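Inspection log for the structure reproduced underneath, given as structure tokens.
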């Protein structure tokens, strides 16, 4: 060592031994000395190993946050839920449907064609009544006070459950979309503190169930997407089938659920297309992917949908107000019905009958004293869905046949015979002539003309048997089981009742025409005998023949979608209730859910302004972001990585597509619309807002991030609390709530 080197001059024995050991010098000391650390340093090291409360919160946030959010969701949805004891808004509809299930009375949702509602949600309303001990006796008339024996509070709480669990599901969905924690909390808070979501969840309605199904499907889709690298693993299958179950549930509540189904469908098409382009993937593996999705996303949802109707038919075994929408054979198997009960089996001349159209949603052949305002001016012929004496007809021989003799032995009617149908109430004959039908001008008008003695050959109709559910023998026409057509002897046209409704002069009943087309498969030209009276014939039991489930399933679904019972609001309430599609995203209007009398509790459907305006703005901003990056990409910039492109694609683009799928149908839909129709679309707009918040703040420093998020959190919560009276109920004079009326169209006070 060099002289004068202080470090070389001070060498301990331990250093020498350690150095020698490293050099493997023989004979040198091998002493190892472990230096002693000061006690203070040891204590400091131990202290560092003990996590702080903030560290614990950070570590367990995945569990703590959803628990807290869920608790708040149940509090906001359940607090003072039974405050108003009156039937509020559409509780009048859905409570009544629940009553039908509890009384097991078959009903038909008269608004189904304009707002298709399969039975699952209404079954759940019935279940809530059953669990509440309700017997189904209350009529649920709008504005009436609930009776003491009806636990309406429990029924509302049951509904609120579906709305409350949307909040933790929104949290998990945002996490699955790879949003950072502050953005996840923001999305969850926006769902939790959306005033309209709170209000709509607190009544006996289907909207909370629809929202639950939409949110659940989105969550399961996101979970399944994140398993894409684990194909055919148990968790991959689990989330695939959970997505299918969610689709089945949401479409079984309302067919609006088909919009989120379309979102999953678009994703599935894209996913399979990408796999098809992977030439390294074996064909068998590609086929397995296709088969798994067909089973999980098509067959499984359909089975769930089918199950809801199977339960519907199994529960509703008694005759009720919706019987006439179903086939005669179906009605004959309901308890308490008059259809087919003790009716003679075979039809004879002189038999008094009602004649049912076998088309989907078909009614009973009907006439009344009113005449056509144009055309022949003769007595109207329609199809009618309700039991009425004007539905009764006599079978009489044609004018060239042997006259009917009430004292003679019965003459049975067979395939190919030419008959007359005499209207029992007015005594006129079913008639047709070469005059255009009132609505369907390409077909001939059908009317009632003459009487038992006055008439002509245009009163004659030839029976053509199509089928018989009970027998192959066509020699006789049988009650319920025989399907036949009625061919006009002179014109050669066929009696038909489609789904065209007459104007108000025809009481909006179904138009009956004589069609020139000879199409044996057109079920709207098929008829059957529903009820039959003939004192000379012995009673039969045609109700012993069962109507097939699949046939009833198809019949009810087509009737549900083609029935022309349009949803027409009270003109006096039009300004308070109905709204236009353009008003929803900008929160232009709200909706009064009940009377505005000072003595009752009042509720107003209105959203949180920051949630609505922020989420709507986010849709436009997202379009600008996509345009910006597209232009930069075109100019040669490659600033986005593959993971960032995926994030924009799945966490940004798909929520925007979800919004469009749920919003645009109401833009083009020719029907009355209300603010609650926007709620599923709003959820996807909220996800878009969360994505953009995360995207723009991801690279900012912590102070900026938390400053912006804190401001957003405070605004969302603050406005929610500000407008909370419209959710929990406004008591006393509505004028004391005028401070919330920011715009004239927000009519929570007069």
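Keep in mind that glycine also has a Cβ here, set from the backbone N, Cα and C atoms.
Source: prediction; values computed, not measured.
The annotation region 'Disordered' is assigned in TrEMBL to 1-50.
For 1-17 (among others), the entry in TrEMBL reads compositional bias 'Low complexity'.
Residues or ranges marked as compositional bias 'Low complexity' by TrEMBL: 29-40 (among others).
Panel annotation: around the transmembrane segment (62-79), residues 157, 160, 163-168, 171-172, 175, 184-185, 188, 192, 198, 201-202, 727-728 of the same chain, lying at least six beyond its termini, place a Cβ under 8 Å from a Cβ of the stretch. Per TrEMBL, the feature transmembrane segment maps to 62-79 (among others).
Residues annotated as transmembrane segment in TrEMBL: 204-224 (among others).
Residues or ranges marked as transmembrane segment by TrEMBL: 236-269 (among others).
Long-range contacts of the transmembrane segment (290-315) within the same chain: residues 101, 104, 118-120, 123, 126, 232, 237, 240-241, 243-245, 247-249, 251-252, 261, 264-265, 268, 272, 549, 552-553, 556-557, each at least 6 residues beyond the stretch ends and with a Cβ under 8 Å from a Cβ of the stretch. The transmembrane segment annotation in TrEMBL covers 290-315 (among others).
Taken from TrEMBL, the feature domain 'MIR' applies to 344-398 (among others).
Here TrEMBL flags 410-466 (among others) as domain 'MIR'.
According to TrEMBL, the feature domain 'MIR' maps to 474-532 (among others).
Tertiary proximity for the transmembrane segment (610-631) is limited to same-chain residues at least six positions away from its ends with a CB under 8 Å from its CB atoms, namely 190, 193-194, 585-587, 639-640, 648, 652-653, 656, 659, 682, 685-686, 688-689, 691-692, 695, 712, 715-716, 719. The transmembrane segment annotation in TrEMBL covers 610-631 (among others).
As annotated by TrEMBL, transmembrane segment applies to 652-672 (among others). Within the chain carrying the transmembrane segment (652-672), a Cβ under 8 angstroms from the stretch's Cβ atoms is held by residues 114-115, 177, 214, 218, 256, 259-260, 262-263, 266-267, 566-569, 578, 581, 584-585, 619, 622-623, 625-626, 678, 680-681, 683-685, 687-688, 691-692, 695, all 6 or more beyond its ends.
Annotated transmembrane segment per TrEMBL: 678-697 (among others), in sequence order.
Look at TrEMBL and you will find 709-731 (among others) tagged as transmembrane segment.
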What does DSSP give as the helix, strand and coil breakdown of the domain 'MIR' (474-532)?
6 helix, 29 strand, 24 coil
Within the domain 'MIR' (474-532), what mean pLDDT does the predicted structure show?
94
In the same chain, who gets a Cβ under 8 Å from the transmembrane segment (678-697) while lying at least 6 residues past its ends?
170, 173-174, 177, 179-180, 182-184, 186-187, 190-191, 194, 196-197, 200, 207, 210-211, 214-215, 218, 256, 259-260, 584-585, 607, 611-612, 614-619, 621-622, 625, 647-648, 651-652, 655-656, 658-659, 662-663, 666, 704-705, 708-709, 712
